[in-house]
Amino acid sequence: MLRFAICVAGIYACFLTWAVVQERVSTTPYGDGQTPKKFRYFIVLNLIQSLIAAIVALMYIKISGRSLNWSITPRSLYLKYAQVAFFHCIGSPFGYAALKHIDYPTMILGKTCKLLPVMFMNVLVYRRRFPLHQYMCVGLITAGVSMFMLYHQTEPKKAAAASNSLWGLFLLCMNLAIDGLTNATQDQVLRTNTYPATLVSGQHMMFYMNLLCSLYSAAYLVLNPYNDELPKALEFFHEYPAVIRDVLLFGACGAIGQCFIFYALQHYGSLRLVTVTVTRKLFTMLLSLFWFNHKLTLGQWIGVFLVFSAIAIEEYIKKRKKLEELRKKEQYGDKKEEGAEQIDNKGSTSFDTKKEQVVPRKPHSQRS
């Protein structure tokens, strides 16, 4: 329990800081002059974060006494890691692009719908089935997010650009779908017993996913002749050195937070991890509201209430199921003990009966 509490505290601390820095990097203008600029080079940002996370993951593996086992790792496992990394790599740009058209609280509450794409991809791709109450909770979450979007206050300038909001919503949905496929594939790799524990762990997945994401991003930036993001990002770093501090802090918080994320995924399962990350998004949203002076309408607060009511229902049913399982185990144990006592009693009774039926033999002198 103490380890899980430390894990939750680590996730909250790292990703609350990470979210604030992410909003600053992606939405706040840099420079004190008359023409401040915003950092728009998100593939470079992903590359830096992936490199930092890969280095931290390698240190994590060495400290935990494990090794990468390059030579004995099967090709099929490398392909799974490459698949997870590819999905993770293409998902983030959709999220950053969505932030250009929707505000950050909408983005965060949309992320609380992560259960919907994860469930859908598990059912569609990996043929898994879920209990009925989980589908009900997903419906509540979807309704809450819909209310949040419908009751969003629109300023006069933003009202003229309503099509941009719809485009931002589409980009957010694409980001959620790819995130769902990423998490479903991670669950499938860690849940199955296809590979030995020495080759598959949270640390290994974190290292390979971020290493391959770095290779994908670097290849796109260097080999794509129609993309000039890398030189422009380097020029931006030179012109506004303050962004370097924010980008490095963004990468460090994300990397350390991933250590807690993958530890929880390996040892406590995806359901508890999703619960932790979703409640973390609540605190992220509230922090964004107070820090950057965002405001919510009454309808949006009702939407927030529906979302986190669904989370509470899920937790309640999960705890009730655990109690029922414990009661069944106790009842099964009592019946097993009663059965063992009955067998012992039957054995002793039959043995006593046999003893009573034994007739003592007459002495040899009395036979004649």
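Placement of Cβ uses the backbone N, Cα and C atoms for every residue, glycine included.
The feature transmembrane segment, as given by TrEMBL for the ranges 81-99, 271-289, sits at 81-99. Tertiary neighbourhood of the transmembrane segment (81-99): same-chain residues 26-27, 42-43, 45-46, 50, 107, 168-169, 171-172, 174-175, 178-179, 181-182, 185-186, 189, 205, 208-213, 216-217, selected by CB-CB distance under 8 Å and a gap of 6+ residues from either end. Long-range neighbours of the transmembrane segment (165-184) within the same chain, counting only residues 6 or more positions beyond its ends whose Cβ lies under 8 Å from a Cβ of the stretch, are 84, 87-88, 90-92, 94-95, 97-102, 106-107, 110-111, 113-114, 116-122, 125-126, 149, 154, 158, 270.
Within the same chain, residues 25, 67-68, 89, 92-93, 96, 203-204, 206-207, 210-211, 213-214, 217-218, 220-221, 229-230, 233, 247-248, 250-252, 254-256, 258-259 sit at least 6 positions outside the transmembrane segment (43-61) and bring their C-beta atoms closer than 8 Å to a C-beta of that stretch. With a threshold of 8 Å between CB atoms, the same-chain residues lying at least 6 positions outside the transmembrane segment (205-223) that come near it are 43-44, 46-47, 50-51, 53-54, 57-58, 60-61, 68, 78, 81-82, 84-86, 88-89, 186, 189-190, 229-230, 255, 258-259, 262.
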